[in-house]
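As recorded in Swiss-Prot, the features of this protein are as follows:
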ACT_SITE  SER184  active site
ACT_SITE  ASP394  active site
ACT_SITE  HIS452  active site
COMPBIAS  524-548  compositional bias 'Low complexity'
COMPBIAS  587-598  compositional bias 'Polar residues'
COMPBIAS  692-702  compositional bias 'Polar residues'
CARBOHYD  ASN85  N-linked glycosylation site
CARBOHYD  ASN122  N-linked glycosylation site
CARBOHYD  ASN441  N-linked glycosylation site
CARBOHYD  ASN449  N-linked glycosylation site
SIGNAL    1-19  signal peptide
TOPO_DOM  20-555  topological domain 'Lumenal'
TOPO_DOM  577-702  topological domain 'Cytoplasmic'
TRANSMEM  556-576  transmembrane segment
Amino acid sequence: MKLILSTLIVFIHTLLVSALPTKEGSDPNSAKKYLVSDLPGLHENITPDNSIPLMFAGQLEIYPETDTHYFFWKFSDSNPETVTNRTIFWLNGGPGCSSMDGALLETGPFRINSQQQVISNNGSWHKMGDIIYVDQPAGTGFSYSDTYITDLDQVAEYFLKFMEKYYELFPEEIGYEIYFAGESYAGQYIPYIADAILQRNKKLVDGEHKYDLRGVLIGNGWVSPNEQSLSYLPFFKDHGLIDVHHPKWATLLAKHEQCQKIVNKIDSTFDDGVVHYYEVSSSTCEAILTDLLEYTQDTASEKDQRCVNMYDYTLRDSYPSCGMNWPYELVNVGPFLRQEKVMHQLNLINLKKWNECNGRVGRTFQARHSIPAVHLLPELAKEIPVMLFNGANDIICNSQGVLSYLQKLQWNGETGFTNKDNQISWIYDNKEVGYIIWERNISFINIYNSSHMVPYDLPDVSRALIDLITGKYDEKDVDGKKSFVTYPLGSRKESDASADGEENAGSDKVPGDSPSQTIDPMISSSTASSSSVESSLSSSTASADSDSTSSKFTRLIQLAVILVIFWGVYVLYASYKSRPSSIIKKPTNNTSNVTRSSAGKKKNVQWADQLNQFEDDERTQEPNQGIIAKAIGKITGSKDTRGRYAPVQRGNGNEYIDDIELGEGLSDPNVDEFIIGSDDDEEQGQAHSGAATHNQKQKPMN
C-alpha cells in the first residue's frame, strides 16, 4: 500500500510540474533568465524592501566557439528619486582579479558580514546609475573559457563583444550614457576599451547603434608602470618611512637611478608608436618597492605589525605580506560566493569555484605587444573627460607617480597641467576631502584619508565622483579658496541647484577648460516616462500578459486533475480498509530482520557539481612564489603571442588561485612576469592567503 501511495504522490507531482507554464526567462535571450531575486540576508538585512536593488547576474556567452562566458552582476536602483539613463561598467584589475571585489567591498550596494550575508553599503554607486560589474578577462572570477587572452587589444575586442551581447539582453539601454570606472590594473583595461568604443562609433554600419561613452574614472590606476615605480623611493622618504641615513639608502638609490635611466629611454621614444621591450618590462623598477618593504621592517614590533601596508602606508601587516591580509572583510567575500546556493541565485550555468584572483590568467596575460595605456590618454581626452582619482595613502599606485607621468604628457595642445599648484578644494558634506587639478579634459583628484581602494574607505565620498565628472556640483569660494562642492545623495540645496541652473543656462558644468571638440559630459535628469527598473523588464511584459489567460486555464486543469487523483486515492484506500483482517498477516521475525536490514542500507549519492568541486579541491597548486609575489601585475612575457590564445589546461593546473590585485614577484631579476599569491582559503588553509604564499616563485612563461 505504501508503494501505491508513493507512486501516486510522485505521479501527482509530475502532473503538476508538467502542467506548469514555462519559467519566465527560459529563453536564453531573455533578461529575466538573469534576474536575481534572493541572496543570504537580503530580505532580513536590507530594509525596507523597496531599497533592495533590481539585480541581474549570470555567465553571458560571448564566444561559443571557445566556450567563453563573461560573468556580470548588474544593480539598478529600484526606487530612484530621479531617472538617470546612465550605465556604469566597473572593472577591477590584476590582471585576473574579480570585479566582485568592487561589487562587495567597494562601490556595490552590499558588503558581506561574518555570517556570509549581505548588508547595506550606504555609499553604493547604483544610486547614480545602473552599475555592472564584469569578471574579465575570461578565467577571472566566475567567467570561464577554453582559452585565455594575452594582450590589451584583445581585452577591448572581447569587452565590445560582451557589450553587444549585453545590449541584446537589455536593448532599451543601448542609448544610455556610458561611463567606465575601475581601479589598479583596470588603468590598463579601461583606456583600451574606451578607445575601442570611440573607434567603433566612427565606423558604424547599418543596424549598429552608437555607444554613448561619456567619460572614464580610474582609481589608483596602473597606467604608466615604470614611471609609477620611479615614485616609490621619494614616497617613502617624503612620508618618513625611510631617510638618507638608512644603511641601505645607497643600495636603494642605485636601483632608483637604474630605473630613472629606463624611464628616460622611454621618454625619448614615447611618440614613435612602437612597443619597446624596456617599456613593457618593468621588473627593474618594481624591484625598488620589494627592497623598500624588506629594508623598512620593524622587527621590534609584533609579528603582524612589522611591514608597511603597500596599499595604505598608515597601516601595518606581517612581513612579507605587507598588505596582502587587507582589506580585512575579504575573508567574508570568498566563502559567500563559494556557497552553492549563492551560485544558483546568481544564475551560474558553470558552478565554478570563485577566487579573488586567477594566477594563470595573470601569467598568460603578458601584454608584450601592447603599449602602456598612458599613450592612449591624449586621444581619449579629445573626446571624453578622463578622471584619475587617487587615495592619498596608497604606495603601489601613489599620487606622486600619477602626477609625474601627467606632467610629461602632451594633450589638447599643452604639456601637463599648466599650473599643477592651482589646486581646487573638493568639499563633500561640508568637509574638505581632497583637491582637484582639472585642465583640458583630464583631471587628477587626490582624496585624503583613503587607500588603494578609495570606495572601500570612503564609499559615499567616492560616489560623489560621479557628480564631479557629470558637472553636478557647485563652485564656491570656501575660506578664500576656489572649491567644488558636492553633497550627500539627495541633499543638494534647492537654492544652490537653482543658482547653478541660472549660471549655466540650463546645462551642467564641465570642470576645467574643455577643448572645442570635446563631448561635454552633460548628464541631465531624464524625462523618460519609465524607470530603469521598468525598462529592464519591459521586453518580457508583453509575453507575460499574453500568457495570463492560458495560465488561468492551466490552473483549472491542474485543480481538476488533483481532485480526480485524490478521489482515486480515496477509493483505493477505502477498498484496502474493507478487506478481511485475516488476510493481513504480520511478517515473521526473519522477514522483518531482512526487511529492516535491507531498508537500513542507503546509497551514497553525490551531485555532479559536488564531484566537480571535489575535483577542484584536489588540484595541486604551483610552487610558492617570490617575496612580494603579489604586488604589481606586470605586463610582460617572452614569446610572440600577439593575437594568439593560450589554451586552458584541464586536470591538474587548471586553476591557479591567487590573491589581491597587482601582484608581482621580483626575487629573480631574470624572471619578468605576473606573480600573485593564493587567495583560496580552503586550499591554502588560511583565513586570507597573503601570508601563506609569500615564498612562491613563478616559472617563466614559455
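Start at 1 and count along the chain as shown; that gives each residue its number.
Glycine residues also receive a Cβ, built from the backbone N, Cα and C atoms like all the rest.
Feature annotations (Swiss-Prot) mapped to structure.
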{"residue": "ASN85", "record": "N-linked glycosylation site", "CB count, 10 Å": "20"}
{"residue": "ASN122", "record": "N-linked glycosylation site", "CB count, 10 Å": "12"}
{"residue": "SER184", "record": "active site", "CB count, 10 Å": "30"}
{"residue": "ASP394", "record": "active site", "CB count, 10 Å": "28"}
{"residue": "ASN441", "record": "N-linked glycosylation site", "CB count, 10 Å": "29"}
{"residue": "ASN449", "record": "N-linked glycosylation site", "CB count, 10 Å": "15"}
{"residue": "HIS452", "record": "active site", "CB count, 10 Å": "28"}
Quiz item: So of all those recorded positions, ASN122, ASP394, ASN441, ASN449, HIS452, which one's Cα sits nearest to SER184 (active site)?
Solution: HIS452
Exercise. State the Cα to Cα distance, in Å, between ASN85 (N-linked glycosylation site) and HIS452 (active site), rounded to an integer.
Key: 30
Exercise. Can you tell me which recorded positions out of ASN122, ASP394, ASN441 are within 10 A of HIS452 (active site) by Cα, answering none if there aren't any?
Key: ASP394
Quiz item: Roughly how many Å separate the Cα of ASN441 (N-linked glycosylation site) from that of ASN449 (N-linked glycosylation site), to the nearest whole number?
Solution: 26
Self-check item: Cα-to-Cα gap, ASN122 (N-linked glycosylation site) vs ASN449 (N-linked glycosylation site), nearest whole Å
Solution: 18
Quiz item: How big is the gap, in Å, between the Cα of ASP394 (active site) and that of ASN449 (N-linked glycosylation site), rounded to a whole number?
Solution: 10
Quiz item: So what's the mean pLDDT when you look at the topological domain 'Cytoplasmic' (577-702)?
Solution: 39
